[in-house]
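Enquirer: The structure follows.
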Amino acid sequence: MSHATPLAKPSSPNNPRVFLDVDVGGERVGRIVLELFADIVPKTAENFRALCTGEKGTGPTTGKPLHFKGCPFHRIIKKFMIQGGDFSNQNGTGGESIYGEKFEDENFHYKHDQPGLLSMANAGQNTNGSQFFITTVPTPHLDGKHVVFGQVIKGTGVVKLLEDVDVKGEEPVQLCIIAECGELKEGDDWRTSPVDGSGDTHPDFPEDSDVDFKEINQIVSVAEDIKNIGNTFFKSQNWAMALKKYSKSLRYIEASLIGAGKEDTAKLNAAALTCYLNIAACKLKLGEWQDAIDNCAKVLALDPTNTKALYRRAQALEATRDYDQALANLQQAQSIAPQDKAIQMEVQKIKQKIKNQKEKEKAAYAKMFA
C-alpha cells in the first residue's frame, strides 16, 4: 500500500541531501537541492547519491563515468515532469545504475501526490537505471509503477524554470544540463543565493526564500533591495546582469500579488511598474526591441499616462523602423508632458525620418516609371 509523501522538508534529518547545479543555454540558472528517502528506499537513494558524487568510477555497461555531471534534462513535459539522468547517450535511451545496467523496484511506499517529487524513470517493471524525473504536478497514474525516492527541498523555482523552457516535442530547444552535482554534508552551504559578487543575499527564486509573502512591506523592501543592485549594474553598463536583477525583483513582487488585497496590490503594482520600465531600458540597450515594447505595454496597462513607457516604446518602434507608431507614442507622451525637452527632440527626429523615408520612396517610384 502506498503512503502520502511527507510534508516536512526534509522529512528526516538523517537522510542524505544532494544538489544539481543547472545551466540553460550555457548560463547558470540555479541549484536544486534534493532529500533522498534513504530511510524508506535505501538502495534507490544510494544509487542517486553516488551518481551525484561520481565516486563509483566507470560503468561496465556503458563505459562512461557513473556521474550526472554534464548530463542533460532531455525530456520536459509541462504540467507533468522534467526528466534527466541519461549520462551515456543523453537522449533517454541510455544510462546505467551503480549496481549494473538495471536494478529492481525497491518498493512503492510513497505516492506521486505532489509536485517536486524525485522518482525513477523506467522501461517497465524492475528496469531502474540512472534516469529519473521530478514531478511538477501530482501524477497519481504513476503510483505502483515508478519508485518515489526523494523530494526537492530547495530550488523549486529552478524546476519551474526548466518546466517552462521552449521544447520541440518533448526535447528542450536549449541545452539544459546538470553542470555540477554532489552531496551536501552537515553544515555545508546550500548556495541557493547567487554567488555573483553583487551583495545580493536573496535566493534567485521566491519559492526558495524564507520571507513571509503576506508581509507586503517586507516584500517591497526585498524587491527594492534587488532592484537597487540592478541599478548598480545598469550604471556600470552591465545590461545583462541588470536585467537579471530587475527580473528577479519582479519575481518576488509577482509571488505576492496572488491573493493580495486592494491596498497591497496597489503597492505591489507600483513596484512592478518600476521593474517593467527598467527591464524595457535593458532590452533597449540589448537590442531586444519586441521585449522592450512588451514591457512598456505592461507599464501602460498599469499607468496609461506613463511618459517614460511611451518614450521607451517609441525608441523600440523607431529601431524596428515603425516610425508612424513611434511618432504616435511620442505625441501621446508630449500631450501629457508638453515641456519635456527629450520628448520634443525625439518628435523632431522621428518627423525628419518619416520625411526622409517618404522622399526616398518618392525617388524610387520616379525611377521606376522613368
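Positions of Cβ are set from backbone N, Cα and C atoms, glycine also.
Straight from TrEMBL, here's the annotation block:
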type: COILED; residues: 340-367; note: coiled coil
type: COMPBIAS; residues: 199-208; note: compositional bias 'Basic and acidic residues'
type: DOMAIN; residues: 19-183; note: domain 'PPIase cyclophilin-type'
type: REGION; residues: 189-208; note: region 'Disordered'
type: REPEAT; residues: 273-306; note: repeat 'TPR'
type: REPEAT; residues: 307-340; note: repeat 'TPR'
Enquirer: Looking only at the repeat 'TPR' (273-306), what are its DSSP counts of helix, strand and coil residues?
Expert: 28 helix, 0 strand, 6 coil
Enquirer: Under 8 Å between C-beta atoms and at least six residues away from its ends: which parts of the chain pack against the coiled coil (340-367)?
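Expert: Here the qualifying positions are 307, 311, 314-315, 318, 323-324, 326-327, 330-331, 333-334.
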Enquirer: For the repeat 'TPR' (273-306), could you work out the same-chain residues 6 or more beyond its ends whose Cβ comes under 8 Å from its Cβ atoms?
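Expert: Sequence-distant neighbours of the repeat 'TPR' (273-306): 223, 227, 230-231, 234, 237, 239-240, 242-243, 246-247, 249-250, 253, 312-313, 315-317, 319-320, 336.
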Enquirer: I'd like to know the mean pLDDT over the repeat 'TPR' (273-306).
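Expert: Residues in the repeat 'TPR' (273-306) carry a mean pLDDT of 98 in this prediction.
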